[in-house]
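What TrEMBL records for 1-99 is domain 'Dihydrodipicolinate reductase N-terminal'. If you look up TrEMBL, you'll see R29 marked as NADP(+) binding site. Sequence annotations record features per position, and here TrEMBL assigns NAD(+) binding site to G71, T72, T73, G96, S97, N98, F99. If you look up TrEMBL, you'll see 102-231 marked as domain 'Dihydrodipicolinate reductase C-terminal'. TrEMBL lists H131 with the feature active site, proton donor/acceptor. Feature annotation from TrEMBL assigns (S)-2,3,4,5-tetrahydrodipicolinate binding site to H132, G141, S142. If you look up TrEMBL, you'll see K135 marked as active site, proton donor.
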Amino acid sequence: MKIALVGYGKMGKIIDEIASSKGHEIVARLSETPTAENLNNPDVVIEFSQPEAAFINIKNCLELQIPVVCGTTGWLARKAEVESIAEANTTAFLYGSNFSLGVNLFFALNEKLAKLMRPFDEYKVQLKEIHHTHKKDAPSGSAISLAEGIMAHDARYNAWKLEETKGAELGIFAIREDEVPGTHKVYYRSDLDEIEISHTAFSRNGFAQGAVIAAEWIIGKKGNFTMKDVLFS
Ligand SMILES: NC(=O)c1ccc[n+]([C@@H]2O[C@H](COP(=O)([O-])OP(=O)(O)OC[C@H]3O[C@@H](n4cnc5c(N)ncnc54)[C@H](O)[C@@H]3O)[C@@H](O)[C@H]2O)c1
């Protein structure tokens, strides 16, 4: 498989190592907007750049009918537009707020727990995410996915907010600490006790490995996908 890496920072470099070790060819390593010239005719683009750059990067690749696997977070207000562009160009787009197998299992566990807790109003739910101090967006894309998973099953909440709240918003605490790759916790707290589920990434390798698996999977597909389609369908 010929892969173009759009965004060549911490994630791009690890993806390069993992994809190369699996025998894939890296035909471009870009830290700038992709174009027909600098992409070098890849089978697939893996995009891990910056929130401000993601939309135009993805749009350019999809308009060249190149499938895109995107892990950049913090740009999701324009995701519906990107999905229309993928459909209009009969190509494929996959966004993952988190590509690791463990976090995707954790997302499924989060939804099961939200269903179980639905009848018990005495428990209030809150989220906490901890990431390294270089992270540009807050809350993390994975914390937003967890909040969406809870809101799909718990009618008390209709939106999330970046702090503790008492109303119809789900509070998310975002903590920035040294070099933490990514920790997510979901708490259900009553006056009597607390239930907590938690996922801790030990390194960025799990995210990078998942992104390469998604890129292998998306070749030949048409439409818009998530990691659920890759791992659980
Ligand atoms: N989905 C996941 O599993 C997952 C995991 C880790 C990180 N992330 C996200 O991926 C993104 C990248 O993370 P990182 O840790 O590699 O960040 P990073 O800051 O180390 O790297 C970002 C790179 O993008 C490059 N860049 C800047 N402008 C660009 C442009 N216009 N086009 C292309 N590249 C450009 C920068 O030069 C930099 O090298 C962030 O949004 C982060 O939150 C997602």
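We count from 1, first residue shown onward.
Each Cβ is built from the backbone N, Cα and C atoms, and glycine gets one as well.
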TODO: Give the residue counts of the domain 'Dihydrodipicolinate reductase N-terminal' (1-99) per reduced DSSP state, in the order helix, strand, coil.
DONE: 42 helix, 22 strand, 35 coil
Task: R29, H132, G141, S142 filtered to the binding-site residues whose C-alpha is within 10 Å of T73 (NAD(+) binding site) - done: G141, S142
Open item on the list: Out of R29, G71, H132, S142, which binding-site residues have CB atoms lying under 6 Å from ligand 1?
Closed with: G71
- [ ] List the same-chain residues at least 6 positions away in sequence whose Cβ sits under 8 Å from the Cβ of G96 (NAD(+) binding site), in sequence order, or say none.
- [x] V69, C70, G71, G210, A211, A214, T226, M227
TODO: Select the closest residue to G141 ((S)-2,3,4,5-tetrahydrodipicolinate binding site) from the following recorded positions, measuring between CA atoms: R29, S97, K135.
DONE: S97
- [ ] Write down the Cα-Cα distance for T72 (NAD(+) binding site) and H132 ((S)-2,3,4,5-tetrahydrodipicolinate binding site), rounded and given in Å.
- [x] 15
Open item on the list: Please list, in sequence order, every residue of the chain apart from H132, G141, S142 whose Cβ lies within 8 Å of the Cβ centroid of the (S)-2,3,4,5-tetrahydrodipicolinate site.
Closed with: T73, S97, N98, E129, H131, K135, D137, S140, A143, G182
Task: CB within-chain contacts under 8 A for N98 (NAD(+) binding site), separation at least 6 - done: N104, F107, G141, S142, S145, G182, F207, G210, M227
- [ ] Indicate whether H131 (active site, proton donor/acceptor) is helix, strand or coil by DSSP.
- [x] strand
- [ ] Output the one of T73, S97 that, of all these binding-site residues, has the highest number of other Cβ atoms within 10 Å of its Cβ.
- [x] T73
TODO: Tell me, if you would, which residue among G71, G141 (binding-site residues) has the fewest other CB atoms within 10 Å in the structure shown?
DONE: G141
